[in-house]
Each structure stands twice: as structure tokens, then as C-alpha cells.
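**Student:** A single structure is presented below for examination.
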């Protein structure tokens, strides 16, 4: 009975024997590689054969055959290999453990962990963690037991626990190691969180800071739990003691019991004695802290009855955040509540993220190292607030088709109860967001509602002590900003070159809010005072300039409001004002979290994108230097001497941006020039910088011949095209002296602070000329990274798995672009520039033991590690010596090319592992595969001969028949499993069923 093709493919255990099959018995084992793909970046494939030229034929996973040109794969002309001993790559929680370190293996390792193991954290370095946004909360990943686990094993009992299995990578690992550095080394720590919008930077920073802020309370709960466990252990020991009481004298049994209990429970006893010894001062500190908390809470409740106030909500929704956000300690609560408050005023909905931070933040947690590293307070520094989002009429917001909106606080205001809105201003009664042009429609976010967010904001304001007149001035300043957007301008009938305010009703409402006469507001917005020598002139503004002045006024008010809020938050959380145990000799250690904008490259890139990418260039420079230093320490600890490591840096880009003739001074010069404009700035760029030089940071001007205001820069993450329209005006960041003077006379406590935000150095053309915005930002970056350089830095690189914000969806091309843009791949290449591959002694001996030549002097080594078994009493020094001998014999038997070795040793022995030079581990693997094929062919020949003789003896075939033309019976197929099993057991290689090995 014949079988059809489908039945054969499903039921046939082994393929039929033919002449082609016999000839392929000595062919090499399959090689699994990666090839480039336009849609996915890299796709796995199987190498079939190599042509005589520079081309190879591969088979993709979908069964398609492709011809690959090796010249497209760099100077080595080699396809990147998949990880050893696996068809689709070995999944590692630490990227450094990948035997072949290249971007394809890194990409698929992250994919396998994300999809199969639901693991969103991967370790790339001792100080680099990759965090993938899952777009959902994962059950149990942020539970209290997890926080205690990482704190216990990495901080509290780090030197007492000998764990053979390391903890999986986690944000709690980053925060715990930072706390360990504070407690043991008394050294400041910095955690830099970066990534694209929507990558989860805000949530990651919040989780890290919350874990650090709650360390003290976690330790109290942990010590209490240990006491309970210790009591249970003591009860068990008492029961055992009763059994031996009759055999042992009482005093001897007590002594033995005490010694035995002390030895077995040393950790518990140590913690118990520590808490007992420090009990008295701890009780005093707790009393002082409770009294201070009671006093502060009484102050919060004792609001002035005659002043404005909005009652705090009884219930606050936590937006499905972990329970760790709730704390009883008032200082900790203030530190945690500052996050949602700054998010309300500094975050907005974008087309990439519902809660995108539109500012960068540098938060410091202060710990008292004299009192057990208790949290004493926090300080926050902000910069690069996206003020243009306030007016809501930017091109980006218009082109987003409703997916973008202004800051959260404006939309929360209109979801507040009617009574709260009328307390702020009676004119808000019966109005919604569409009543104000700056706000427009109110698209709801997917993650939470504005009504719940309003309750969180008010509760945070109450916790931080912002109430009464201060709260009234702050919320009314928001209304002033919105009301400025409702002013409309038209040409002055008496002067066509001038303008007047057409919406008189809106002007009167603004006058009531801001406390300035309508005539003064109208004059400062439609006229500009110009001073020439000793004469002063009042120049009218046309409708476009008047509207631009109004927008600038609104943006500056909001900037002042945000700075004031940060200042009040620092006053409520800093240790100097709130820590009750603070003295003149109190020393604080800081753990800082830096939440930076990610690298941005949109269809239209403006001044804001240039500043953001400038900060990322600074970050990348710091990142590269720190990684190199850590690698040098690793080599030093392994006893490896390194003279120099070649690396790619972004020094040329930074020199182009901030050098003597860089973009910053050129733009400042154009801002001071009487008729400075954006096109002149671009012309100066190309006049002072060459585009012909190799790897020049500036893109050729010919690319932008049609547009005079466009230029391009080759950043470390890729080329970005910029449109310089508005650069000069945005960099000036100034208001007319008339607006500043009128703002100073406002009755609103926020608006009247506006003149203080300008440095009055000199007057020119009626504007107060001070430090430009880019110069101010550049100075902040220099000071920031100078401060960071004095701390121990850890990096958290956040990744967006897909642009659609879908959970469990891993877009290969999207992730690969981010890995390149954050500089992670280049940093990994730098860290493995000289020795890209490394293996432990045990791994080398297990994989290559049978490659030792069967010479007399090597028999003992071959016999010692036969079948890849490591002796139970193997010494590290002995294994190191045997590993060196094995590799020396192996590489001596190979023909190593000069290109791969370059007259240097193919490997270097460290103290704990072997470091291979480029291509050396691949050559060793090829020799191993070759020997496996040779042994497999020998076993196959033996089995074939036995089967042939068996069938001849049974007389089932004709002797004259060619032995290669018959088909094996399926009942004999299981006999072929024997050599496969032997190969798999001895050599650690799995031969797929679909392979024609017989």
C-alpha cells in the first residue's frame, strides 16, 4: 500500500536513502545566521552553501531561498551567527552572556524574552538596564515581596547571602544597588532614565524613586517579619530541647542551645540586636517625627477661613499604580505626591503617549547617612519646558488631528466640580474647554480620566502645603493664560500699520483676572517702546506682531508658574526645611534620577528638537565614557592589560554645536544683529563648517537648495533635517519692556514675578537682551553633567515595542531603530572592541574537550573531561590551566588567518573566564562542528553496514542489487535514533529530524 506525499511528510521518521543522501553524509552541519531585511531589520536564516564568489545561499524560516552578497556585510564579509547550541538564539537575561554579540542577536534576544518569558527588563551591563514598555501592568512584578527581595539580597544582607542564582534584572535592582552604594560607600548615585516618548520613562522614574523613598519603612516591616520568624524558630528549638533535656544537664543543654541557635540564626539575631541596641534613639526619633507630622497636618487643616481654598477629595484614585505609592510618613508622602503634581503641569497627551513628559527633570533624594540612611527630603530641578505647547497652535498640534493636546492641568480644570471652578473664577461657570482657543477640544486619554487626575492634583497640593492665597494665585494664573488666547486683534482704523484689540469683552475679563487696567493691557500688546540714544519712541505693532506678543506673554506666564511650582515643591520636600533631625553637621547622600527627553527625529524638526538632541549628544558622551571606564575595570580585575580601545565618539558633533564657531554662538550672533533672520543663520552655518570632510557632522547643503532655512546634522543616532524657521525669535526668548513693566503691576502673585525671570543686562530695540535660551540651556547641561560625573551613574534605557501602543506586540524594526538611536549597540561594541566573545572555563571544557588531538600528552586531559563532565572537586586554578592547555592545542591545529589574529594571541586567559579575539571563537566552533560531523559519519557507516549485512542474511534483497537504491523500512528507522542520541549526549548537539544525516 502506497502512502501519499502528505502522509509521508507527517509519518516518515527518516528520509529515504539515495545516492544524493549518501553523498551528503559527510556534509557540514547547518549554520544558523541572520540576514538583513528591509521590513524587520534582521531575520533568521540557515546557510545552505557557499558559492565560489562572494555570495552565499540561505534558507529563510518561511522556506524561501535567497542569494546573499557578502560584500554588503562589512569588511569581514561574514553573516552574523545566531547563538550557539540553538536554532533561534539563546535567551539570556544579560546581553553580555551572548556568545556572539551583534545587533541581530541583541534584537532577537529582547524579542524572545518579551514574547515568551513576559520579561520586560534585560541587563546590558552592570550599570545599564533595558526596559521595554509593556503598555500594561504586569501582575506581581512590583509587589511588596519583590521590593523586599531585592532590598534584602542586594542591600540588607548582601554580604551574608551566598546565592548561586542571580536575581533577574529589574528596576528594583537598579534602585537597590544605588541604595547599597549610599549605605556602604557613602557615595552619591545617579540613575539616568532615557528613551523615546511613550517608552515609559515617567513610570520607570516613579517606580525607582518610590522604591528608594520607601526603603526605611520596608526595612521596619522586614525586621518585624524576621522577629516573627525567629520566634517560630525558637519555639521549634524548645521542642527539640525538651527531647534532650533528660540526657543532658540543664546548664550544658542551655549553652549548646544558645550556640546552635546563634549559629543557625546569625542573620536574624544580628538584625534583632541591631534594633535592640538602637532602640532608645530610634524611639526618640520616631516620637519627634510623629510630633512633626502631627504639627504639619494640623497646619494643613487650619486654613484661613477668609481665604480661598478647594477642599481635598476624600478618595483619590491611584490610576492602577502599585500600592507602594501609599505611605504614612509625611516627608515620604510629599516626595511621592510631587510626581503627580509636576505631571499635571508638565505632561501632555501626544500622538505617541497619553502621559508624555514635556520637560526634563533631575530629582534628588536626600538620605541622612548619620541615622541609618533615613530619607530626609528631596530636591527637584527642571529644564527645557515645552512652552510652545501652551498656546496650542503649533504645527505639530495642528497636524496631529486631535491626538495631541496642551498640558493636562488645563483639561483637568474643566473636569473639576462646578463649585471648585467658580471658586477659582466666576467666569468659568458654564464654560468648557472649547470656550478657550488655546485649549480647544478635550480628547480623553486612554489611561485615566481628567476628573480622577484633578483629584490627585488637589490632594498633592494639600499634601505639599499649597493652599489659600497661593493656590488661588496659581489656578487663576492658568485662567489668565487661557484668557490671553481669546484676545483677537484687527487693524487700527486710524493707523493701518497698527492694531487694536477687537474682543473688548474678553479684554475686560482679562483685566479683572490679572488686576491690570484694560487700557494698559491693550497698549503693551499693540505698541512697543523703542529707545534710541536719549529718545524714546512708541512704535505700533501690526496684527501679526501683536498676536505674537500675546502668545509670548502667555507662554512666559506659564513658564513662571511652572518654576514657582517647582520652587514650592522643593520648599515642602527639601531636608533643610523639613527634616527634624537636621543639624549643622548632618551629611546627606543623594540618589538622583534624571528623566531626559529621548532623541527626536520627526517629519518637521524645529528649535525644540535641536535642543533635545543636543542634550542627548551630551548624554551619549557621558554614557560612552562611563562604559569604557567600567570595561577597563573589568579587564583590570581579570588581569588583562589593555593599551587602547578604539571607539566612536560624538566629539565632532558637540564641537559643531557648541564650539567657538558652532551653532550656538552663530545663532547668538544672529539674535544680536539688528536685522538677524533665520536664513542668515543657516548661511553662516555652511560658511563656517565643512561638509566635504569624511564623517562631517553637517549634511551637504545641496540637499536643501530649494529651502533657505533648512540644514541637517549627523547625530550619533542618525541624520536629522531641521527647519530653522523661528530659531532666532525662540532663541531670544524675550518680551518687550512694555509687557514686562505691565506684568510687574499685576495683583496676581504669579504674574507679578515675571520681571524677575529676566536678567536686565542691557537694552536694545526696546527688548531686554539677556542670556539666550540655547546658551542658558547649554550652561545647564554642562553644570548637570559635571555634577553627574562626580557620582556613580546607572542607565535605564526605555524602549517602545511598537508605535500602536499595543501590549504583547514586538515590532522588530521599531525596536532596532531605538537600539541604534540610544547608542546601546555602539556602547556594547565599545565594551567588546578587543574581546567580543568570552566564555567561562567550565563552558570551554564542556564544549571543546573532544577536540583535543589524541596524542599521548593529551590523553589525561581528554579522559579527565570526557563527555563534558566537570570533576566535583575541580579547582579554579586547575580548570584555568587545563582550559589554557586545551585551547592551545586546539588553535595550534587550526590554520588561523593573519586578518583574524594579526600576530596576536587568539585568546587571553582571565582570572575567571577566557576572552577571545574577533573570529577566534567562530573558528573554534567550526572545528568542533567538523569533528562532530566526522564522528557522526563514522557511526552512520557502522549502522549502515550492520543493517546491510542483516538484510543480506535474511535474504530479503538481491546481492546484485545496488545498495543505494533501496528504501528502508520504517520499522528499522528507530535504529538510527541510536547514533543521534549518542551525538546529542556526547557532543551536546541536536540533529534535527528534517536533516538528511543518513
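The backbone N, Cα and C atoms fix where each Cβ goes, glycine too.
Curation plays no part in TrEMBL annotations; they are all automatic predictions.
From TrEMBL, for reference:
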type	residues	note
COMPBIAS	1-10	compositional bias 'Acidic residues'
REGION	1-23	region 'Disordered'
DOMAIN	90-929	domain 'Myosin motor'
BINDING	195, 196, 197, 198, 199, 200, 201, 202	ATP binding site
REGION	781-803	region 'Actin-binding'
**Student:** Cβ under 8 Å to the region 'Actin-binding' (781-803), counting only same-chain residues 6 or more beyond its ends: which ones?
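**Tutor:** For the region 'Actin-binding' (781-803), the far contacts come to 110, 114, 124-125, 127-135, 171, 174, 177-178, 181, 187-196, 198-201, 204, 208, 352, 362, 381, 590, 592, 594, 598, 614-615, 618-619, 622-623, 626, 809-811, 814-815, 818-819, 822, 824.
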**Student:** Which residues, same chain and not among 195, 196, 197, 198, 199, 200, 201, 202, have a CB within 8 angstroms of the centroid of the CB atoms at the recorded ATP site?
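**Tutor:** So the extra residues in range turn out to be 133, 352, 353, 356, 598, 798, 800.
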**Student:** Using DSSP, how many residues of the region 'Actin-binding' (781-803) fall into helix, strand and coil, respectively?
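**Tutor:** With helix first, then strand, then coil, the region 'Actin-binding' (781-803) has 9 helix, 8 strand, 6 coil.
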**Student:** Per-residue pLDDT averaged over the domain 'Myosin motor' (90-929) comes to what?
**Tutor:** 79
**Student:** Quick one, of the binding-site residues 197, 199, 202, which Cβ has the fewest other Cβ within 10 Å?
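**Tutor:** 197, out of the binding-site residues 197, 199, 202, has the fewest neighbouring Cβ atoms within 10 Å.
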